[in-house]
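Before we start, here is the structure in question, set down as structure tokens.
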Amino acid sequence: APNQRLCGSHLVEALFLICGERGFYYSPRTGIVEQCCENTCSLYELENYCN
């Protein structure tokens, strides 16, 4: 999949889909907003935020 720009609820929904039952930590301090909203990130990078 190509890199995507995901912001707000779209970013949270993507994390739900990718992480599933593992859950994830969504905190602006982790840099996920800079990485995936201000820039683009891959599904592989999103998976780094799963628990």
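Our numbering is plain: 1 for the first residue shown, then up by one each step along the chain.
Here the Cβ of each residue, glycine as well, is placed from N, Cα and C on the backbone.
Per Swiss-Prot, the features are:
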- CYS36-CYS41: disulfide bond (DISULFID)
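On this model, are these features tucked inside or out on the surface, and what's nearby?
According to DSSP, CYS41 (disulfide bond) sits within a strand segment.
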Same chain only, sequence gap of 6 or more: which residues have a CB within under 8 Å of the CB of CYS41 (disulfide bond)?
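Looking at Cβ-Cβ distances below 8 Å from CYS41 (disulfide bond), excluding near sequence neighbours, one finds ASN3, GLN4, LEU6, ILE32, GLN35.
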Sequence gap of 6 or more, Cβ distance under 8 Å: name the residues on the same chain that satisfy this around CYS36 (disulfide bond), in order along the sequence.
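Residues satisfying the criterion: GLN4, ARG5, LEU6, CYS7, LEU11, GLU45, LEU46.
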